[in-house]
């Protein structure tokens, strides 16, 4: 009742008292009892303030008790009131009027001040969310000389846990021990909860063990430690503690509420482990002890069954619940949404409306997040529009899900609109000042924005948001989304640089499995084997990645394969204790791009022996491996067996692989017939495969037809035009070459310049055609000239048809000598130790003349020359290429 008193104007009795007191000048003729009565009648801070002033001026709050008794003996009809009683009356009056600051000041002048009033002030601050104020009040309480009691300490510990403030919490722990509260179960339970909320599971466990040793533990003690283990991702320990609790606590006094909390605490551990049998066991326990009808238990069971993948049981529990609240409906909607059953989720939506239950932000967010996580970005955006039309206000989690949907679609405009909406509705801070309440969600939205802009390839905006976050506030997700954006959609060099910054001090952040996967992807793109090996060593040293073996090991296989070291990729593959389908496919693809088709097919057979059923991706990799290994008959057999033996329908990509397989072997007519007989409309990838085959076999007419089809589909690019231009040049149709180049110029299509890069002792060096910008250019060209003269004496003849310019043969020879891959090889020979492989990467297909020259050069140098082009790998050694001149 004290805090529910209506706030009205000053009552007549108070106004009369103030006027009489002012007229009297001193107010000492008014008894303490009258002051106390008037304080209770005050309805405004101003009235309390005036009465308070009169009390001070009358000296009733400052006289010692002995003097007061002599000067003002109590009347027979009136009880005696001490200054302390009047002082607490002033505190109560200020609190009744909502002035906690005035109440605190008055309380500090009450000597001695009762702990109950300090507790009341602390509790009010916590109730209003002013946790730091609550702790400050407790400090002033100690300075005032008031000893905290067993009610004070749990309140302050709760404030420390919710902030969280480990430093304040551990200080309070010392205070508890000094004041003899270490045997008070209420205080110790609050201590366990505080440590758990501050992330200190070790200290929470130690306090709990001390409670149990003293024999003062109760069901709340056990609930607190179980909840702590669940929160800190120790579900197995939580289940073990719950089992012990069931055996130990049953002898102690418990109540239904405690049993309910126990059940609700442990079910999230079952959900995180997807422990369906244990969930059923707990469910049976709730039925036996009568706690199942409780709505909290029912909601927790629905959520747990859904997360364990048993929607059938979740629906059964939901239908058995006599009372359902919005959380119940949210749990079932979230379950259907996350399991991918969106039709059922929307059916629940309809049922909610029939039951006149308004969908709240959690319901809408569950459906949006479900669509976004399943890659159904357009559906997620449609639901978000419905949510806004319904008048429901999205929260930060909703915005994160919507941004994820925009990222999956590459929907830059909708992403910008969502960004603007977040700013307008204060779901995202404008000043980027982190460190206060709600900053965790704010950072999550910033991370989602970085991810969205990166996947939309708007790196300027993504990097601007990333740089606006103070370095000390960036978490592992912040770094990972930016690094992943660069690695997948931008410049992999930027990804490597950012990863180095992430590990540098101060404010270094330890990468997680996703970060490592992203940086390995960047190494694979750049063929940065040296950096990739360093990352591998880091992974081996850090045992935290063992639980993410699939993520990291699969990326290591891919990285080593694309960096030209397929044997080390096989070593990683063989060292995996468990493999998933991506592991097998990655190893097959690695062998395929190196032209080692037999090993790829061996892996394919072992995959089936291990119990994995080949899917469309597996067959695509097999056909790719056969195409690059001159295994025509086996490739055709696998293509025919796809639908016949495995029930896998061939897609356009599979047909493109077979067309490439046939065309490489010279069966261009058979490849063309397959294009005409395809059961679906040929896609761009099919026409590109046919166009590439025409380049090898100089079929101008069919090449023109393929290019026209690409133009009709608006799928032409610089690569397509370059291929047809090269075909014309090889046929010496220079006018058509000029026409294609003018067409590209008028269409705004620019040909990508050929670029090759090679790793040396001092890092990576890049070269373009005729590049003379490198400091070692004189030595590079001199070495190249000597090498060409030497291999010419061995039988090398420049293939001038690859000099695609209408000039004389001598000029063509000079142009061929300046190709980027030849410059990269010369640099590698100058900077690489004898016996070490020289690894060259080219952004386009390797030139036929360069291929011939490298074959000869490999006879006279003490290096294996490994070239990765846009199609495959070439390993030159002792005058032989691994492709067998079939590329």
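Glycine is treated like the rest: Cβ placed from N, Cα and C.
Note that the coordinates shown come from a computational prediction; the quantities given were computed from them, not determined experimentally.
As recorded in TrEMBL:
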- 795-887: domain 'DYW' (DOMAIN)
- 114-148: repeat 'PPR' (REPEAT)
- 184-218: repeat 'PPR' (REPEAT)
- 325-359: repeat 'PPR' (REPEAT)
- 360-394: repeat 'PPR' (REPEAT)
- 475-509: repeat 'PPR' (REPEAT)
- 580-614: repeat 'PPR' (REPEAT)
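Note on the repeat 'PPR' (475-509): residues 443-444, 446-447, 450-451, 453-455, 457, 459, 462-463, 466, 469, 515, 518-519, 521-523, 525-526, 528, 531 of its chain, located 6 or more positions outside it, place their CB under 8 angstroms from a CB of the stretch. With helix defined as DSSP H, G or I and strand as E or B, the repeat 'PPR' (580-614) counts 26 helix, 0 strand, 9 coil. With DSSP classes pooled into helix, strand and coil, the tally for the repeat 'PPR' (184-218) is 27 helix, 0 strand, 8 coil. Secondary structure counts, DSSP: the repeat 'PPR' (475-509) has 26 helix, 0 strand, 9 coil. Averaged across the repeat 'PPR' (114-148), pLDDT for the predicted model comes to 91.
The DSSP breakdown of the repeat 'PPR' (360-394), given as helix, strand and coil counts, is 27 helix, 0 strand, 8 coil.
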